[in-house]
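Undergrad: The ATP binding site annotation in TrEMBL covers LYS8, LEU9, SER10, GLY11, GLY51, ARG55, THR156, TYR162, ASP165. What TrEMBL lists as UMP binding site is ASP68, THR129, SER130, ASN131, PRO132, LEU133, PHE134, THR135, THR136. The domain 'Aspartate/glutamate/uridylate kinase' annotation in TrEMBL covers 3-210. Per TrEMBL, region 'Involved in allosteric activation by GTP' is recorded for 16-21.
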Amino acid sequence: MYKRVLLKLSGEALSGEGGKGFSEKMLTYLVNEIQKIHSLNIKLGIVIGAGNIFRGKELKDFRIQMADQLGMLGTVINSLYLKNVFEKKGIKSIVVSPIVNLPSVMPLKYDFIEQYFEAGYIVLFGGGTSNPLFTTDTAAALRAIEMNADILVKATKVDGIYNKDPKLFEDAKKYDIITYEQAIKEQIKVMDTEAFSICEKNNLSILIINFFKEGNLLKAIEGENIGTKVNY
Ligand SMILES: Nc1ncnc2c1ncn2[C@@H]1O[C@H](COP(=O)(O)OP(=O)(O)O)[C@@H](O)[C@H]1O
Ligand SMILES: O=c1ccn([C@@H]2O[C@H](COP(=O)(O)OP(=O)(O)O)[C@@H](O)[C@H]2O)c(=O)[nH]1
């Protein structure tokens, strides 16, 4: 079983696949899935995207660096939203972000993060990498290394990595395991090359799993190979 986990969730985990905003049904589902792993006493960090609010590249009339700042703020909104949802269910969490100064947002300080974990908090890392032109996949890779995670779990809307996009090609074939070298060479689009590269350099594996299948997150943390594992 993995003991220190960085979980990357798409903003769509809050809205439902392809949706915008926040869905009560999805939030209930999400909290139930998190509760299952939180009860295992693992150290859990979460990076959440903002696809349910803004993705920079969706704002066509904006300069990309402006649009991306809205996206990054969206990840802080989602982190705070999630903190509130967790709180109502008795799950302790703390929002950490280098990009905003708000009463409920802590600055990113490595020493404090360890203390939050020791005190049983889930750490919600908001604000992405704090730079435009990146995505939350890359932020997840950075935070995973920084928190010394033993796995990065990307919980998304496909059940792993295929030889081509399974949403576009019916005959796509799934990999159970793939190396970073192969994923980068084949230009696999399920995750940014930057994220793959950071994890490869720092000897951290990634698990790609389908978030929308009940029980998957728990199975992944328990070490079951239900998606695709990207190995260094
Ligand atoms: N080779 C591939 N294997 C799996 N998924 C792929 C592949 N190429 C493209 N995709 C697409 O990547 C998408 C997941 O990535 P992304 O949209 O960045 O997810 P998220 O919003 O969860 O970060 C899926 O919708 C899938 O259609
Ligand atoms: O380091 C980062 C992380 C995110 N973003 C912006 O925030 C948006 C939301 O993140 P992402 O697209 O990764 O969200 P997801 O698809 O996972 O919901 C991105 O599209 C970017 O516009 C950014 O500029 N820098």
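One is the number of the first residue shown, and numbering goes on along the chain from there.
A Cβ is built for glycine as well, from the same backbone N, Cα and C atoms used for every other residue.
The structure displayed is predicted, hence computed values, not measured ones.
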Undergrad: Which residue among the binding-site residues SER10, SER130, THR136, THR156 has the fewest other Cβ atoms within 10 Å of its Cβ, if you could check?
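TA: Result for the binding-site residues SER10, SER130, THR136, THR156: minimum number of other Cβ atoms within 10 Å at SER130.
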Undergrad: Can you tell me which of these binding-site residues sit near ligand 2, meaning the Cβ is under 6 Å from at least one of its atoms: LYS8, THR156, ASP165?
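TA: Checking each Cβ against ligand 2, none of them comes under 6 Å.
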Undergrad: Kindly point out which of the binding-site residues LYS8, SER10, SER130, THR136 have a C-beta less than 6 Å from some atom of ligand 1.
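TA: Close enough to ligand 1 are SER10.
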Undergrad: Going by DSSP, is ASP68 (UMP binding site) sitting in a helix, a strand, or coil?
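TA: Where ASP68 (UMP binding site) sits, the three-state DSSP reduction gives helix.
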Undergrad: How far apart, in Å, are the two Cα atoms that lie farthest from each other among LYS8, LEU9, SER10, GLY11, GLY51, ARG55, THR156, TYR162, ASP165, the residues recorded as binding ATP?
TA: 24
Undergrad: Please identify, from the binding-site residues GLY51, PRO132, the residue with the sparsest Cβ neighbourhood, meaning fewest other Cβ atoms within 10 angstroms.
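TA: Per-residue Cβ counts within 10 Å for the binding-site residues GLY51, PRO132 bottom out at PRO132.
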Undergrad: Taking the Cβ of each of the binding-site residues and counting other Cβ atoms inside 10 Å, which one has the highest number: ASP68, ASP165?
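TA: Buried the deepest by this measure is ASP68.
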